[in-house]
Amino acid sequence: MRSSGYLNSNNGSSSSLESTNVNKSTDKNQLYLKVVCNCATDLVPQDTTGTGSESKKAYSSSKSINPVLVVQLNNTIKSTSKKLNTNQPSWNDELYMPLKNQDDSSLLIFSVWDKHTRYKNYLGELRLNVKDIFVDNGNFVDKTELKWYHLNSNTKYHSFVTGSILAGFELVIKNKKKRFHSSYNDKFQQLSIDSDVESAFKKWLSSLTKPTIYSVNNKINPNDQGFYDDELVNEFELESVLTERSKKSHLNVPGGNGLLSVPGDDCHDAGSFSDASFLSDGGYASDASANLFDQKETSSDSKKSRIKSKMRLRRSKQEYENFELASRQVLGVVFIEIVSCEDLPPYKNFTRTSFDMDPFVVVSFGKKTFRTGWKRHTLNPVFNERLAFELLPHESNFSIQFLVLDKDHFSFHDNVAHISLPLRTLTEYATAKPTEGDSSDVNTSDSTSFSQTGNGFTTEDTEFPENDSVQIIENETPSNKQSRKRYLSRKKVVGTQLDLKKFKAMSLSLQLHDQKYIGKYAPKLKIRVRFETYTELRKKFWRVLLEESNSTPENRDSCDYIELISLLDTLGCVNSDELVELFYSNLGKSSWGGDLLTFDEIIDQMETYVNQNVESGKVKIFEFEKCPICNEKRVSKKQDLDIITHFAICASKDWSVVGKLLSSSYVTPTQATKKWFTKALIKLTYGKYKLGGNSANILVQDRMTGIIVEEKMSVYVRLGIRLLYKGLDKARSKRVRILLKNMSIKQGKKFDAPQSKSDIASFIKFHKLDLDECEIDDPSQFATFNDFFYRKLKPGAREIEDEKNSKIVTSPADCRSVVFESIDKATQLWIKGAGFTIPKLIHNDHSMRVSSYTLGIFRLAPQDYHRFHSPVDGVIESIKHIDGEYYTVNPMAIRSELDVFGENVRTIVTIKTKDFGNIYFIAVGAMMVGSIVLTKDTGYEISKGEELGYFKFGGSTVLLLIESDKFKFDTDLVKNSSSGLETLLRVGQSIGHSPDVEEYKRDHISFDKLDKSKQLRLIRVLTGGDLKDKHKLSNWEATKIDMEDFQEIEDEEVFDKDMPDEDASIKSED
């Protein structure tokens, strides 16, 4: 083994001087920072109010603390050994951190963790500038003596930190001329200190890529509340470090003994999740020692272990990536608001001329510790800060401690007063009462607030606690004081307005720490408490979702078959069809017979299903990549995996947001234009859902105003996709194809009949259509419904942008568009059909260069103008009609395994142009489209914007194929398409241009500056209805379909010779 290697800094495994770094230094010597991690003290707060042995009683259980120290310098992360069951650990470890050329900064970070098998607790951190360690008043020193450093918390954890660490530092250079020997002493001799250390250190400082003194000092100096402002500790990286260390716990450590393996903690003993802003809760998974020189591990073994560690981390990220409905034993969630303190004793200041009291409150329960912000110079502070945490079964008998401290810059903090009492003393009188008719399990009837009977709690107003230190406050008056501190986490809400009836207000009589103030002052802590049982929270969660998804005002407390499937699909259920069928079967109702399920029935079925199946891990009912309320991802293997607890804690900050963000109907312009909400909604709508579980929600952005609105999928489209996807065998698949084809043809004939004229008025009323732009503005003058459907517009109703410039291509229709610069990008981002190819799409025209074509997809909704126009100037060279299926062109189907464009009925028009060569204009029919009609013939010289044809009733799509070396799409369309967002276009608007000319520039219009009528018209075009009245958006088309007309299909029809073979799409490509 050669001595020219580098220390391993990739994933925190035991350090070695073996060659493990790919980018080897060209210098002869490598500079290292030697960190002597000696010991720590007082890592968790202790009660010092008693005397003798009582003074050692910890507010957090110090007996279960397993401290480990993690050191991070740029990309290098290393950890010490883990010490078991001690609040005063002695590590006596030495960590070597390489100081590499072109490092980012000189910021050195220490973090202390209470590490258990299944979780970790944050105990504080320390930040130092490496330059300040060795340069004192301009004098350089290469070694420092051991020194005590006080730990602080960062703003993310916002925890009460009391610990300190004893550490020393030294700069050393590894001599590469010597080889390794077998003993540790020989290996230590390779690290030498000479005159080159100072020059090497200066060289390293000058090579830093981010050397700004201000930026480093800003990160290492706590704010006025004693918190580090930025979160610099990456939990996933630390997870990799300590997990790798845990695999090597059998190794010996210089200066210490090997660790004995201990059984992993029970999963019920894990610290439960809390999303309060002053949170110190979490979990780590490792137990290992630091081994700088590990001779037993070869370079090859080290590489393999790092690869395995990365694979484990990757699997860990995938497994714990999303919020789910977890099967856990949880009693409920406790909400406590620290309101205020009064009558605190006036501690004298340093000069003893006045009092000095900057109070704050520390709350400790089990392994969870919370801290409020401190209030300056007051004896009656008002906090209005809320915390929340889960109550696990084994914690039901635990005590909760409240400690009031005086912030002191010189002597850490002074104890002022405290109280410790069983948690059940508080929760017994603050447990939310189940609704009437269900005394054991809660079934709330209010989606955004707690609906209770009487006083809303399980105890009467005449009942009071037996503990004299706890007094119930009646007729509480709310405080009007509100503030938001800059230093707090953005999730922290201070002084929020809340319904006082939801919480039980209590006054706690505190015990003074200083005996001389007893009898003179009687400090009290005012709190508000509420305990929600887990069953009640889960049922409340069901009802919130059900009420927000209900779209029919006449059935406010019930759902039909389609609505319930749509809700489950949107939330990520992978077997919604089977689940809803099971509910109907259990209740003896017909799923397709129009029977409705009440909310109570659905909730009962949900509870039964969850209790029977989720615990066994058979199915996931919900899966959120981000929390829909706080928009935060999960960051570690904590037990915040449970969406119910996370929902309760997030919603407790502001219960009004639940209705806004869990709404499954239309999105208001104000909500949709918020970037974070749009991204979250896209993820909830499209993210990682598989076939049969895709969402019914489509986001569309208006090109002129920029507003983003949600479009609802039609019920008949959903029905068609469901039927098609559930066809398991060849005969059943063909049966469904026949059904869809018959449905489209018969519906087309129906709307061509004179009797269909009566449907025009209801269609106009439903979609709120404005006929001012039409040539015929009187609906009674249309002979049939289809005559009205493909109505013509008045001349000049659609402006052709840059009409005289033949190098500008315009939109062929009023549509929702996505565009792609290559076929490969289209198949990666949008078209997921397994058999989709361009030769198949244009029916085996092998003369075209497939890979060199751009693709534009222009989808027409039923409320759109259904005539299509030429996007270019040219001559119609050929027209080809291809018979096929009638699959829906909805994005839900396009992004499935179904090859919609390659199998649907379509007409291909080849237009020969001067600037773009031959372009392919493909009109694709869809479900409920009776036919495609062209108004121009072969040889016709057509102008840009001139009518080319129209679709009869239904949704439809136009595809454009243009050679990519002769054409570029407009940048705004490409950007939206890459994000999965459709753009609303009008006939004549520019969609792209020749590479030798500039993109057409248009003036954008502010939505707020439009008059009211234009705003409503735009919303109706985008959504297909009136945004203000979402309950009327049931579905007009669905009311016009008589399913009995399409269900009588003879078995012999399934094997009709005229029907294409099941494998026809594959054979056509040969």
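From the backbone N, Cα and C atoms, a Cβ is placed for every residue, glycine too.
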Feature region 'Disordered' in Swiss-Prot, mapped to one of the ranges 1-23, 300-322: 1-23
Helix, strand or coil at Ser956 (pyruvic acid (Ser)) [DSSP, three-state]: strand
Rounded Cα separation (Å) that holds between Ser956 (pyruvic acid (Ser)) and Asp414 (Ca(2+) binding site): 74
Candidates Asp408, Asp414: member of the binding-site residues with the richest Cβ shell (10 Å): Asp414
Packing count at Ser956 (pyruvic acid (Ser)) (other Cβ atoms within 10 Å of its Cβ): 29
